[in-house]
């Protein structure tokens, strides 16, 4: 232990130093708490009242120093300037304070052998270790900490209080501050852990979660996932309400984060609007607008007006737009202009063109734009004011495009550095924006010229000429040629082909680009008129003007394709694709060429590439399905036809083709469904009608087949076979009286039809009617007339017709023998009539009846033991059986 008088002196020194420091540094946020006596030393305990920002910096430094657990010495040199004790001996204020103390007035101690005096202000105690080594008695003062053994009086080492190992500002808060003996404390104590369960920390973490949910909601909305965005927005709203309640419970209601509340409500309203939940969005916006604590919330009335516009509630939309306009300051010209543009568009929707013109004219005087100028022209066009249309068109031509000169994109022949820069900037995002602006401006000017050309002058041509002249005198001189070509296209739309050709021919002596465009249009025009020579001529002219023009190559390929040279056309289409890989016309025509020459796999590859570009093109999908059908890939063909039906559900040919595929597979029910849908959309398609009628006959529902044959008879009234089918259906269903009336009606319309007379003779004979003989006589005359007509027609080709007659006779004989034997086994009442007419019936209906009639409906299916007859062929044998008395008419 130190002697008592040494301990007391050190204690007084600490008290005096602390008092002086408190006096002179109180304005620097430095105060003394206490002087603590310990067993071996006395320690001054200070309190540093550091500003908030300094404390935050200190905490941050300590926190960063404690993050890396392996480097325990990192961050020791980062300390507050107030704690710097190295320069205290050079601080005149501090030295003056020390000199006023009793310690400062003492003379410096005499140095012993082998020891160095550290200075008057450093203290006079000799170190214990030094005392032991040098043999100095313990009663002498030991060396101060800053002294260096074995050195001179000028070898004092720097103070190590703030640089000692283990020092941290956080670690010494509770244990006291000893700048004289930091090196003896060992490693630094661990950092104080953050109180995670404190209310402030919980509130901060909850705010962070709310902000994260808002960001996720916005990202989901940008990706098009509107439902997910709405769920995230609702979750953020729930978290924010929990946050407000926690602040109120902790008596922190005056610290409410209004920006966070505004962000939550605004995002929720936007998500409601994106999901078309307009009432909920309006209610949420209303909550924001009515809260006076939100500054500039009145501008959200623009969003409310947009919602009313989408709901087509135009009066309320205008009301909210005007309220928002009143709350926007005058120096925000761009926002005011956009709101006024919305007001003008709403007036156009309501048909109030005068009010819309007022808004658009104000915008054109303040901040003119192409869209506003175009809308103004439309309003004048709706009112029919010619002079104002011209004036508005001239205003449109003087709108500043705000695009720099194109010269900066021209290459410099010798400046390689500039050319390298040019390669970078010629297609950068800024250049793309400039191109987009220029395209929109040109599109507005050309569309406006098309609209007002017929209205501003007596004729369309003179009006278009006026527009062209105005464009030539403006900054858009390059558009003049485009407008003249548009003029020719307008002639085409008006079906005035001569003027269109004349207009396009005027470009033959222009520069190469315009001449190539005009020649391409002329080639296409002549191709539509099926004038292949002229189309070929102008296609060659367009190719000579610009060999890399894909449209000219396509037109040339079309001409060659039409002439049947598919290989050459294929080469031309491939060349067009090499020049422009996005030319869908060339790719489609190349697929057709491959399909024509039998290269189905190559054709399928072309159409698959085209399908990747045009996802919902019915033509492309049909070609893919048809090629799969030709490759006998029925599963893929059916799948593609189903996709095609999803795109064009009312295409009757696609429905019929799908039904045909199912019919070939034997799935009659599915085939019937698609054929029936095709019939519903197009009830005049004869193949579909015929298939439906045959389906019902095969299903033994002849009564339902009558409806379809009647429809076919309406579509083709000159075809007798449909009437014969109707009569046959009546017979097969057992309605003989209607069958007889139908045959009589057919005979009145077609008195020379042999088939009808045959059936009339047979039915009348079976029913015992007196008209049988009359119809038999007419049948003989009709057969003789038909035979003489066939002889005259076949007189030029006797050999061929002789073979045909012999084949017909053989058929008659075989058919007669077959039917005779059948009659002899079945019925013996009418042998003479049956023997006479069977052969003649077969001959007279040879091609037509065999192909579509053959009873005329084909053989019947076997049915259970009912009243149905056996299968009926072209020569109807059902009347050879004995009929009961109850089945004959009265």
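Every residue, even glycine, has its Cβ placed from backbone N, Cα and C.
Annotated region 'Disordered' per TrEMBL: 100-119 (among others), in sequence order.
Annotation source TrEMBL lists region 'Disordered' at 129-154 (among others).
Annotation source TrEMBL lists region 'Disordered' at 172-200 (among others).
Long-range neighbours of the repeat 'TPR' (298-331) within the same chain, counting only residues 6 or more positions beyond its ends whose Cβ lies under 8 Å from a Cβ of the stretch, are 266, 269-270, 273, 278, 281-282, 285-286, 288-289, 339-340, 342-343, 346-347, 349-350. Positions annotated as repeat 'TPR' by TrEMBL: 298-331 (among others).
Non-local neighbours of the repeat 'TPR' (337-370) in the same chain are 302, 305-306, 309, 312, 314, 317-318, 321-322, 324-325, 328, 376, 378-380, 382-383, 395-396, 399-400, 440-441, 444-445; each lies 6+ residues outside the stretch with a CB under 8 Å from one of its CB atoms. Among the features that TrEMBL reports, repeat 'TPR' is placed at 337-370 (among others).
Among residues of the same chain six or more beyond the repeat 'TPR' (550-583), those with a C-beta under 8 A of the stretch's C-beta atoms are 516, 519-520, 523-524, 527, 532, 535-536, 538-540, 542-543, 589-590, 592-594, 596-597, 613. Annotated repeat 'TPR' per TrEMBL: 550-583 (among others), in sequence order.
Within the chain, the repeat 'TPR' (652-685) has long-range Cβ neighbours (under 8 A, six or more residues past its boundaries) at 622, 625-626, 629, 634, 637-638, 641-642, 644-645, 691-692, 695, 708, 711, 715. Taken from TrEMBL, the feature repeat 'TPR' covers 652-685 (among others).
Under the heading region 'Disordered', TrEMBL lists 778-890 (among others).
Among the features that TrEMBL reports, compositional bias 'Basic and acidic residues' is placed at 780-792.
TrEMBL lists 819-830 with the feature compositional bias 'Basic residues'.
Annotated compositional bias 'Acidic residues' per TrEMBL: 877-890, in sequence order.
Confidence across the repeat 'TPR' (550-583), taken as the mean pLDDT and rounded to a whole number, stands at 91.
Across the range of the repeat 'TPR' (652-685), the DSSP-based residue counts are 27 helix, 0 strand, 7 coil.
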